[in-house]
Amino acid sequence: MDFGFFPGDLRQRGSFTDLGFNGFPLTSSVSNGFHFSGDRTTNPFLNLRKLDTTSLMADGVDMGLCQNLSKMSISDERSNFFNHSSFSGYGCYQGRESSFHGEASSSMRGFVGYGDVHRFEQDLRVRASFHGESAMSSYVGDGSDYHRLRFLALQEASNPNPRCFTENMSLLNRDYMLELEHFNQQIRRDFSLVPQKSPLAFHEERILPPFSAMGGSRELDGSAKCMKNKEDSLDLASMVDSYGSVYLMAKDQLGCRLLQKFVDEGNFVDVMIIFKEVINNVIELGTDPFGNYLIQKLIEVCNEEQRTQILIRLTSKPGLLVKISINNYGTRVVQKLIETVTTKEQISLVKSALVPGFLSLFRELNGNHVILNCLKFFSPNDNKFILEAATKFCIEIATTRHGCCVLQRCVSYSVGEQHEKLVDEISRNSLLLAQDPFGNYLVQYIIEKKVGGVNVLFELRGNYVKLATQKFGSHVVEKCLRYYPESRSQIVNELVSVLNFGYLLQDPYANYVIQCALSKTKGFVRASLVEKVRRYENLKMTPYCKRIFSKNLWKK
């Protein structure tokens, strides 16, 4: 059985041979492919009337394929193009009656040759300009209307339908095609409201274009873009229905991004809806890999009352806020909360919730970021509770990897009496901290900042040789030589007073202290050190002494 071509099937036409129709061979460039059967009785796609399967089966025609196509809901799109009123849109769409301005162009009657196409183009240009205000008023601003009309007209040029095809019909066809696609889209959207197992199911589904679009029609490609834009502009209710709830949507990567977009770009109602949906699950979403971003966004845009509601839920149980602060994702929410709280009530809630777990916050990487945010965004008076805890637990905090860093920030952010108390406590324990893998950094910090350095020197006096031979303590001694000139004579005297000075020269750490002392000291102090080094010139070829003698520091 022969089939007529489908509108838009241009890519496949080249693979078929033009055999003509009704005994008239096609030699024009207009037809470029399918065998166009003129038998309107046996071709179901050219028969605009209801297909009489009984008579065809009686004539021995195999209707298997047609019946299968009917079950697949594949209809004759050509009939849709020429008989709008025959499709009722299942109660949603009513076809419009075609209205023609003037008579049809003679180039559309019967076979269309090259000259006819040329005349048709001229006629189309004239009619397009003449009817521009009426037939094309709904497409103002689209400079490609003429080319689209020409494309649709040439596509239907070989149609033997006596009703012909004019530019007005092109416009109507395009209107009908877009409205039909919109109708199909609405049906598909209604179907997509059924809850799916996968939260991404809604986004993975796409509205199938008309069957003729598979042939590569440019007009239908444009329609597909239009449909995509409509999908992108879906409202919050539609998106939430596809996931089932805002809670489930917030725990999905793509869904959370969409919700953040609604919070950023949506109206007040959208923000209120999202807030009311997540407020009861703010603890779980705040520690979720994706949900925490939505909670942060809500904290930024919500008002003080809503922000207080979030804070009340995060502090509803003792130690809960500390637990969230230590969480890899929850710490971001707490930090954002600290950045945005402004009222005394909110700050009081934060302070009272963090105090019970202070040591945990100082020792943990995520927790110390929360403390740093408090130091940065709270006033010195509001940070008093942090500085008091830092002073009280100075050694416990300073001897941890992250705690020593937080204490350095506490020193820099503190002022007045709290600053003095904290520095005095660090200086008082400087000998112990100087020998610690992490505490030595805190001692070096206050030496560099020259805060409490005199007290540090007092605590280290008499222990410079011991510290010089240690991996961590040697760094503290070098810092004293560099930043406190008054300490140099005391340090050198302790070094040269050692009975086995050669041992210090060959020590992997002490040799660096001696090099630093030779470069920083002057006068009598330096002369005494050089004299001591010369006595061990026979050691200059040893691995560590080689560095001292190669620099010729002792010869200056």
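Our numbering is plain: 1 for the first residue shown, then up by one each step along the chain.
Including glycine, each Cβ sits where the backbone N, Cα and C put it.
Keep in mind that this is a model prediction, so the values were computed, not measured.
Feature annotations, courtesy of Swiss-Prot:
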| type | residues | note |
| --- | --- | --- |
| DOMAIN | 215-556 | domain 'PUM-HD' |
| REPEAT | 238-276 | repeat 'Pumilio 1' |
| REPEAT | 277-313 | repeat 'Pumilio 2' |
| REPEAT | 316-351 | repeat 'Pumilio 3' |
| REPEAT | 353-388 | repeat 'Pumilio 4' |
| REPEAT | 389-424 | repeat 'Pumilio 5' |
| REPEAT | 425-459 | repeat 'Pumilio 6' |
| REPEAT | 460-495 | repeat 'Pumilio 7' |
| REPEAT | 496-531 | repeat 'Pumilio 8' |
Residue numbers, six or more beyond the limits of the repeat 'Pumilio 6' (425-459), whose CB comes under 8 Å of its CB atoms: 391, 394-395, 398-401, 403-405, 407-408, 411-412, 419, 467, 470, 472-473, 475-476, 479-480, 483-484, 486-487, 490
Could you pull out which residues elsewhere in the chain have a CB under 8 Å from any CB of the repeat 'Pumilio 2' (277-313), counting only those six or more residues past its ends? 240, 245-247, 250-253, 255-256, 259-260, 263-264, 271, 320, 324, 327, 329-330, 332-333, 336-337, 340-343, 345-346, 349-350
What are the helix, strand and coil residue counts for the repeat 'Pumilio 4' (353-388) according to DSSP? 29 helix, 0 strand, 7 coil
Could you tell me how many residues in the repeat 'Pumilio 7' (460-495) are helical, how many are strand and how many are coil under DSSP? 28 helix, 0 strand, 8 coil
The DSSP breakdown of the repeat 'Pumilio 3' (316-351) into helix, strand and coil residues is 26 helix, 0 strand, 10 coil
Is it possible to list how many residues within the repeat 'Pumilio 2' (277-313) are helical, extended or coil according to DSSP? 31 helix, 0 strand, 6 coil
Let's see if you can do this one: DSSP helix, strand and coil counts over the repeat 'Pumilio 6' (425-459), in that order. 26 helix, 0 strand, 9 coil
